[in-house]
Amino acid sequence: LLLAVCAVGIGGTFQYGYNVSIINAPTQHIHKFLNETWSSRYQKELNPDLLTFLWSVIASIFSLGGLCGALIGGSMAIRLGRKGALLMNNLIAILASILMGISFPTGLFELLIAGRFLIGINSGVGLCVQPLYIGEFAPKHLRGGLAMGTSIFLTGGILTGQIIGLRELLGGEKHWPLLLSSCCIPALAQLLFLPWFPESPRYLLIDRGDELSCAKALKRFHGSSEYRREMEDIQRECFALDGEKPKKPWQLFTDRGVRWQLITVIVMSMGQQLSGINAIYFYATYVFEQAGILAEKIPYVTLGTGVCECLTALSCVRSNYVGRRCLIIGGYLLMALWCTVLTFSLTYQELYSWMPYLSMACVFAFILSFGLGPGGITNTLTAELFVQSSRPAAYMIAGTVSWISFFTVGMLFPFIVNGLKQYCFVVFLLECFFVAAFIFLIIPETKNKSFLEIKKEFHKLNFGRNA
């Protein structure tokens, strides 16, 4: 099971974290490349406004690709299987790697844009299919812990990208094309290791009707002495679905039986992106400067934020035994607390010499709180709130909402910061508190429950108390 999670994660959410993080290091080198390419092509200087626009396109096209990936990820998982979709997804990453790698020697910045779009598609599919696959092959009592692999590989990708992007490694002027094209390495690793593992047992039995292959897969994942209980659980779900075909995303919006599950997933997906985690990363450089850290040393201190996220995700594998509900509510409430403290510390930054260090502590505490709750549990809950026929469509909707929110924050965040300054954290404070209250009032505990048991928990909400 552990090896399967590693084989799935290296080409899944690891790619997302890695490609979000590596684009920051070569910013100045890409600006220079755009200027030189434009001058050689048109024999005139590149307008500063156009330079800003081209850089914005290169940076933000990733999220547009991610949105496209989320829209096709569920369909790929249904047609090709969970494992087949992930294997096919690696071909997109390899093509993206080639395009970004040859953009500099060919002098075609358009290839860089195309490559970033394709690696965005790869990340969107991975974010959709990886938690779906893990949630379906994990035994009930280990589902929460194994599903944290999604968060561990995502944060591990961010940290790896921060390390590889240091100027002593591939972040220098000569090596930045290699840095951007290095996304082929995780893809090749998954193509090498994932074929050794079986397809999702639930997919094999419920979607394909292949009971023999399902039993073989369960024996591989759970052991020959433990697989029967899980087999019976899958058979009960198959019987309850009574041959129901996988649903399309738009069908979930008209299905009263999943109304509150769908609302929950939308609120959590938006909440994760709008929680203020991007604001914290934006303010981290300013906070570190105010604490007296030299500008050239800040990239190394920023590695600490990546380490924080990674350690929290790892610790959540163990703390997940307290229950999903407790972790995610606690995470959001702690984030609201640190938003409050950080607002005060930034406001009175100049009055007391120790205030910058309080701000610095808040940055790390906020990131730890995010990893404890929203960063790790959101994808786990999405898998648990739906039965087999609705799960791929639910992940498509969750991914679409998440990527749209990510893109919206990227577009509006600079204006929010310019308008509200440090008081922008008041907005995030209220958002974190609202999501925590929603989860407290609506979501039941899902730990150690089958998918059918969780569906029954929501039955009263969807059909009324007298149902």
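Using the three backbone atoms N, Cα and C, a Cβ is placed for every residue, glycine included.
Keep in mind that what you see is a predicted model, and the values were worked out from it rather than measured.
As recorded in TrEMBL, the features of this protein are as follows:
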DOMAIN    5-447  domain 'Major facilitator superfamily (MFS) profile'
TRANSMEM  53-73  transmembrane segment
TRANSMEM  85-105  transmembrane segment
TRANSMEM  111-134  transmembrane segment
TRANSMEM  146-164  transmembrane segment
TRANSMEM  176-197  transmembrane segment
TRANSMEM  327-348  transmembrane segment
TRANSMEM  354-372  transmembrane segment
TRANSMEM  393-417  transmembrane segment
TRANSMEM  423-443  transmembrane segment
Please work out the mean pLDDT for the residues of the domain 'Major facilitator superfamily (MFS) profile' (5-447).
84
Please give the sequence-distant neighbours of the transmembrane segment (53-73): residues at least 6 beyond its ends with Cβ less than 8 Å from one of its Cβ atoms.
16, 19-20, 23, 27, 30-31, 34, 46, 85, 109, 112-113, 116-129, 392, 395-396, 398-400, 402-404, 406-407, 410-411
Taking 3+ C-beta pairs under 8 angstroms (sequence gap of 6 or more) as contact, is the transmembrane segment (423-443) in contact with the transmembrane segment (176-197)?
no
Same chain, outside the transmembrane segment (393-417) by at least 6, Cβ under 8 Å from its Cβ: which residues?
60, 63-64, 66-67, 69-71, 73-75, 77, 124, 127-129, 131-132, 246-249, 251-252, 258, 261-262, 265-266, 268-270, 272-274, 278-279, 282, 382-383, 385-386, 424, 427
What residues elsewhere in the chain lie close to the transmembrane segment (176-197), defined as a C-beta under 8 angstroms and at least 6 residues from its ends?
3-4, 6-8, 10-12, 14-15, 18-19, 22-23, 25-26, 29-30, 83, 86-87, 90-91, 93-94, 96-98, 100-105, 112, 115, 119, 122, 157, 164-165, 170, 220
